[in-house]
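**Q** Pasting the relevant annotations from Swiss-Prot:
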ACT_SITE  ASP95  active site, proton acceptor
BINDING   ASP6, ALA7, GLY8, ASN9, SER10, ARG11, VAL12, LYS13, THR118  ATP binding site
BINDING   TYR86, GLY93, ALA94, ASP95, ARG96, THR168  substrate binding site
Amino acid sequence: MKLLIDAGNSRVKWALYQGEDCVRQGAAEHGELAGLAAVWRDLPLTGAWMSSVARREVADALAAAVPCPLHRVHAERRFGDVRNHYRNTAEQGADRWLAVLAARELCRGDVIVACAGTALTVEALTAEGDYLGGLILPGHGLMLQSLAQGTANLNRPAGEVVDFPQGTQDALASGAIAALAGAIAEQRRRLAERTGRAPATVILTGGDAARIAPWLAAPMQIVDNLVLMGLLKVANT
């Protein structure tokens, strides 16, 4: 069996695969990693594959908890028919690359891949397999947190998302969603301009995917655990 680990900025997701079948999965906050070694210790593992954008001490703790050979996955210049045009793949988060590889399996046309977690990443992938790069911006929670910490009067709960906010709490909620949905829409527009084709499908993943989806006027799929899907693709080669 193969253990796949996606170590994000705030949480760790993992899944156990027998062939193409997911037989077990779980998640933990960074402060809850101690229990994972006990969970994984008795599993009949043949190997483990990890993508990490977490702090080094988190990645090291996960590596120590894995009771079998561990493969740390990084972004590459090419995988299959996907070509990575990132200037320096060594500085690119593996999670972004793996999400693109998974999206390629789901959609063979032009696609925008949006991962909505602690940060929002918005990637552009053409039907020809050219991964053009993408955006990184603060996620929903981080955006509101930065306003609370960086201003004198905005440390308050966000309200409702409305078209024309007439109160500060609604303005916070609406502004955050407008920024996130707007970034996705703008990359979709840019990709259509680049290719000369119809605007792309959006594949949306991450903890805030459902929060953003209602505000996107685009054909879309919400896909859970997209990074783990990409890890499985790499592990099976």
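Yeah, the Cβs are placed from backbone N, Cα and C, and that goes for glycine too.
Mind mapping these onto the model and telling me what they sit next to?
**A** The Cβ of ASP95 (active site, proton acceptor) has 28 neighbouring Cβ atoms from other residues within 10 Å, across all protein chains displayed. According to DSSP, ASP95 (active site, proton acceptor) is assigned to a helical segment.
In the three-state DSSP classification, THR118 (ATP binding site) falls within coil. Within 10 Å of the C-beta atom of THR118 (ATP binding site) sit 18 other C-beta atoms, taking all shown protein chains into account.
The local packing around GLY93 (substrate binding site), expressed as other Cβ atoms within 10 Å of its Cβ over all shown chains, amounts to 20.
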**Q** Among all chains shown, work out which of the binding-site residues SER10, THR168 has the most CB atoms within 10 A of its CB.
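**A** Its Cβ has the most other Cβ atoms within 10 Å: SER10.
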**Q** Inside 10 Å of the Cβ of VAL12 (ATP binding site), count up the other Cβ atoms and send me the figure.
**A** 24
**Q** Could you check which of the recorded positions (ASP6, GLY8, VAL12, ASP95) sits closest to THR168 (substrate binding site), going Cα to Cα?
**A** GLY8
**Q** Return only the integer: C-alpha distance in Å from SER10 (ATP binding site) to ASP95 (active site, proton acceptor).
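**A** Between the Cα atoms of SER10 (ATP binding site) and ASP95 (active site, proton acceptor), the distance comes to 13 Å.
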**Q** For SER10 (ATP binding site), just give me the three-state DSSP call.
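**A** Note: SER10 (ATP binding site) is coil by DSSP, not helix or strand.
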**Q** To test your reading of the ATP site: which residues beyond ASP6, ALA7, GLY8, ASN9, SER10, ARG11, VAL12, LYS13, THR118, same chain only, put their Cβ within 8 Å of the Cβ centroid of those residues?
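**A** Near the ATP site, beyond ASP6, ALA7, GLY8, ASN9, SER10, ARG11, VAL12, LYS13, THR118, sit HIS30, VAL53, ALA54, GLY117.
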